[in-house]
Amino acid sequence: MVKVKLIQTLKARNKLIKAFKEGGIYKTVGTDERKIFPKIHQIPNGQYDYYVFTLPNGVDPKLLKKKFYVFQQIFGDGVYLDGEFKKFTLSIKESKKIPEIIYDYPKLLEIIKKENILLPIVCGGDENEKLRIYDATNSPNLLIYGEPGSGKSSILHVILSTLIQYYSTDQIQLYLADFKMSELNLYEGVEHVKSISYLTKDFAPALTHLKKELTKRGQLLKDHKVRHINKLQDGQKPPYIVLCVDEFVMIKDDDIMTDLLQIASLGRAYGIYLILSMQRPSHRILSTEVRGLLSVRMGFRTVDKRNALIGETPGSEKISKDQPGTFLLNLDELAELRAPYLNEDKTEKILMPYKKADWKNHNYKKQEVIERPEETKQQQALTEKDVFADVIDQS
């Protein structure tokens, strides 16, 4: 019996060492480049169902996240990694189906208030049906992707309709772009929505306006010597802005992409946040620069492993078709969740009280104030360095 347990222990240990080898998770020392692997403190046995290990000093902990797919390849889908800098726990669990979750705004509102979330982005529930909502002011710029029927459209409705119900029009503004003309047209008429673009020629002026808004807000922060709009008093604080672009892969204009990246890079401090949606991640669109600006990813079922890896949610290609709405959330670490289900008919009913008969598309143009020439010149010259140079010690 003791011998059997010893053999099982060695097999479990060797399995983890194999993952370290194939993932390149080790440190090399000496002229002979001797490999030093993470130190294993605990392995699964009758008492525990997880490994505990520590990284050698000098090994980047981000490597574990980058190579997480190696653990999945060796141990299966039901692996979870937890840790921060040096000590990590690798749990081995059987994959469980997450029950269907129905959209319930009062329940979401309770969580938002309890956790004091400033800009709530609803994600979904885990296998224990615990709902997860994150704060976009801490984790800006979201990428959502997945093939048709995976639940990508539903989560967009969940996120946008929740923001509309939670915030008044003087607290949040929505700028939408729907280049397939199929998902976001039901938001026409909603008072929170300042613009819905269906063509890139309509989208470009909206981005130009938002770039002006960046400059305006940058000057506001500089004047009040703060680093984020949340530090401003209520009477001074401008509304949050959410820019949601569905199927942004269809943007072929380099100038538009440049403007989009500028907004994404500066938007966090200024209260402007980006949601990008697409069916298939590709290196052509998700360049290193773009990926670097995206803090959060929701990977619904993808066509293949390559798409999942490009989107940085390894394993999303394995999500079953009989589990619509199931996705992998990449926020600090990978977590499997199921998005609340919200179809177009129910979304329409939710939005109806917020629609105005006199609503006009692209009505942000009404708000643009004619500035004096010297003010315009000053604002155009403003950079991020100008805004923050004299408030470094006041954050």
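For all residues, glycine too, the Cβ spot is worked out from N, Cα and C.
Look at TrEMBL and you will find 128-309 tagged as domain 'FtsK'.
The ATP binding site annotation in TrEMBL covers GLY146, GLU147, PRO148, GLY149, SER150, GLY151, LYS152, SER153. DSSP assigns SER150 (ATP binding site) to coil, not to a helix or a strand.
Fewest Cβ neighbours within 10 Å among the binding-site residues GLY146, PRO148, GLY149, GLY151: this applies to PRO148. Sequence-distant neighbours of SER150 (ATP binding site) (same chain, 6+ residues apart, CB-CB distance under 8 A): PHE300, ARG301, ILE319, PRO324, GLY325, PHE327.
For the domain 'FtsK' (128-309), the model's pLDDT averages out at 90. Residues GLY146, GLU147, PRO148, GLY149, SER150, GLY151, LYS152, SER153 make up the record's ATP site, and a Cβ search at 8 Å around their centroid adds GLN279, PHE300, ARG301, PRO324 from the same chain.
The least crowded of the binding-site residues GLU147, LYS152, SER153, judged by other CB atoms within 10 A of its own CB, is GLU147.
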